[in-house]
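A short write-up of the structure that comes next.
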Amino acid sequence: MSLQFANGQRWISMTEPDLGLGLITEAENRRITIQFPAAEEERTYAADNAPLSRVRFESGERIQLDEGPQLLVRDIEEHNQCLIYLAEDSEGTLHPVPEQLLSAQVQLHSARDRLLGGQLDDPRLYMLRARTLAFRNRARAAQSRGLLGARVDLIPHQFYIASQAAKRQHPRLLLADEVGLGKTIEAGLILHQLLLNERVGRVLILVPDSLIHQWLVEMRRRFNLAFSIFDEDRCADLDPSRSEDSSVFFDEEVEREREENPFETEQLVLASVDWLSADEKRQRQALEAGWDMLILDEAHHLHWQENGDCSDSYRFAEALCAQIPSVLLLTATPESAGVEGHFARLRLLDPARYATLEAFRDEQKAYEAISTLAEQLTSEPAAAAGNTELLDLLDDGLRQRFVDNPEQEMDAALEALLDRFGTGRSLFRNSRSAVGGFPVRELHEHPLPCPDTLVDAASNPLASMADASEDWPTLDPRVAWLEQFLLKRPDERALLICNSAETARTLEHFLRLRRGIASTVFHEDMSLFERDRAAAYFADHDSGAQLLVCSEIGSEGRNFQFAEHLVLFDLPLNPDLLEQRIGRLDRIGRQQNVRVHVPYFEGTAQARLLEWYRDAIGIFREPCTIGAPMVERYSEQLSAALADSAQMNALIEEARDYAAELYRELHSGRNRLLEYNSCRAGVADALVQTAAEEQHSEELADYLLQVADQFGLEHEDHSQQAIILRPGDHMLSEHFPHLSEEGLTGTFDRQRALSREDMAFLSWEHPLVRDAMELIVNGELGSASISTLSVKGLPAGSLLLEVFLNPVIPAPAALQLDRYLPGMSERLLMDGQGRQLGNKVSHDQLNTLCQTIKRKLIPPLMRQIREPLVSLLERAEGRSSDLQDDWRRQASEVYAQERQRERERLVALAARNPDVGEGELADFDAHTETGLAALNQLQLQMNALRLAIVS
């Protein structure tokens, strides 16, 4: 039976009851729009499957208006499909009350109604609901909320940046860490946190063409975020206005209706910045689509000049940044981008703050002096205590404490400098040397003779061996060397990267079928599923492949740091591509050295290219951060030198000095103050420690099995800390959230999830777990139950009522007010006299005492005890009201104190740091007032009730 919707009706969301009472504002064309005033939200649903429940109060129930006291419903009339209540006030006067006047913060006692109506659940479902309440509320109040569910290592500097970004109302940041430190992960952590806390909804990610696949994989695999790739083909399919039959357009209104904006069809969009920058129509549509957040990768490729000569991509980015509240720009380090390029990125974030390049240069010079003081403070605190220039920058109290005890007060003095100076609030830039934890690179050269049949192919680094011979693997000494290399190391895995899919396919096929090597292949012509399967086979240390043969795509986005060896079957001409290859193993957290093997033909272009990378650029010693300027200066000379050893030697001599000069400039230009501010070690370590403590993996494993049993899911152990879930034949509902017909294999272990990409990482923030908890808490399942128990001291027929009160705050989730609540939930256990027994009998103890009642006995029993049960419920509601006042007071006090401390810090920052303006303080104060108002409307909702009858 379809639901009947009409404007003005009041409905509540069954999946999002925290939104409060909704008001239908539009009901036509099989779609309905409903506003939720309490949460300041709006939803649009398809009418035939809207997750809504009609709100109708019956005679004898009390209603709350937007203004005024509660009224008692005496009768109900209907007009134009809307309800009009005839309600009585405290003086007995009747008032007609249209349902539109009902308070949006109304509480519906569904558990109470179900208990009184005899709609009772199996006790096991009730126990599951009680447990879910505790776990769900704990997860929502976690300090690490939004950071726990990502398939990433707990790396301090990444968690620090994500945590700092989440503190901003609308983060607008430049992420400029050195290569290998995980800017993509940092952006993903920030995004995941904002999405989970409902602070953003519509997100646009723009990247170069070559990185589309990498970002799609990273967002899906690491953060469970399903982005949709938009290109011209997709937009054309979604845009009816492309019809060649112009006769269908009778007027502007018809044309406008047909020209739908394709970017409005998805919430999470991933697109090429190159494509959009070249298409004015798609630019306009993207700008008109309305976004909450923009992430722009490789932002240093956007060209800007002070004279106004800017690239199309920069102008498009500038237009987007001007209208999107939250912006993350991922870019090269400020040193490699140059001062002008660095300024160009910052002015995208705040054009008023960064108005002119000249003023920015002057400001940077002042920061260099502060940076020098900060470096002295950390390296020689005793000497710094006598530096009057430094002491003049400290407050009186801190200045004296630092002079008296420089070692002990060093951190406090550094904190003061970091807070009050520098561009740290707009920019995060960590260096590998400051972060540490990176492995050493080892180059292993394997010179081999070049067969005559392969000489021509070996003279061109980009040539395919197949051009020389169809059976080239039998002729190529590199293949024979590789076979012996692997046979001598049966327990060690090797990742091999070559320049083309054709080479990868042929080589892997030969090694596997003709030489018996346990291998698999990975290239761009495979489907995403096939690539995932190949990566998983390689990651399985016990029974997986020893060798993974990749085309160049293997150096984009995938993490193979568990492999013992990297084999470079050929070398690319671009040092950035070579750095990407090495970067598949050279990642933060790797425990062993990066062993790079290069088999090459002696006396050929392969040998000379290896010399160039080894001796001129030094890429096998340390990460290459000078690739772009080296290519720009030497690309033509390099092409000629690959054919002549004498030319190559001369070129290396010249280029080595230039490379050393570039590295010196990068090192001397480092902003130490910025590095300190990009990761404060103590704070970052505490964040990681908290995240580890809040993981609760063992509890999750046990809980998920309980959910599976009660919902009828099939489950089996896969291996240690891993499980397989599948839909069962007798499930409670036709579908279970995020569980496909094929099922799901997941692990609760973070480290295993990092190496097994075919397994889901099951955390309290995984969509399946999160939606399952919401389904239980917000639905009716398990909300009312009845049992008998035998206990000494209570006469037969006595009633005990167990109540779980769930805190509900009618406010946008973005405020994150759950963190300030005094508890996860409140439990009451009351007898017929209203005595509180919760401290004497725990929930678990009561579970062991209670026994199930035969279903056929329940209806007559409920009729018999209805009157004392109603009285007991009223007592529980009275106690709930008292507790509600306590929760409101305690939560408001904690919230106000924390906000006041943060405001004092902002005021101090505003006095010395131009990055903090009056607008940020005003936004902060408004945010505080909104939060306090919402906490004062907190309700303790009767979420689960169990009636126990003493037998």
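Even glycines carry a Cβ here, placed using N, Cα and C.
Given the structure is predicted, the values throughout are model-derived calculations rather than measurements.
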Which range of 297-300, 601-604, 825-828 is motif 'DEAH box', per TrEMBL: 297-300
Per-state residue totals over the motif 'DEAH box' (297-300) - DSSP helix, strand, coil: 2 helix, 0 strand, 2 coil
Densest Cβ neighbourhood among ASP177, GLU178 (binding-site residues), 10 Å radius: ASP177
DSSP-derived class (H/G/I helix, E/B strand, else coil) of LEU181 (ATP binding site): coil
Listed binding-site residues (VAL179, LEU181), ranked by Cβ neighbours within 10 Å, top entry: LEU181
Under 8 Å by Cβ from GLY182 (ATP binding site), counting only residues of that chain that are 6 or more apart: VAL152, ILE155, GLN158, ILE588
Number of Cβ atoms other than its own within 10 Å, given for LYS183 (ATP binding site): 24
Environment of ASP177, GLU178, VAL179, GLY180, LEU181, GLY182, LYS183, THR184, the listed ATP site - residues of the same chain whose CB lies within 8 A of the CB centroid: GLU186, ASN430
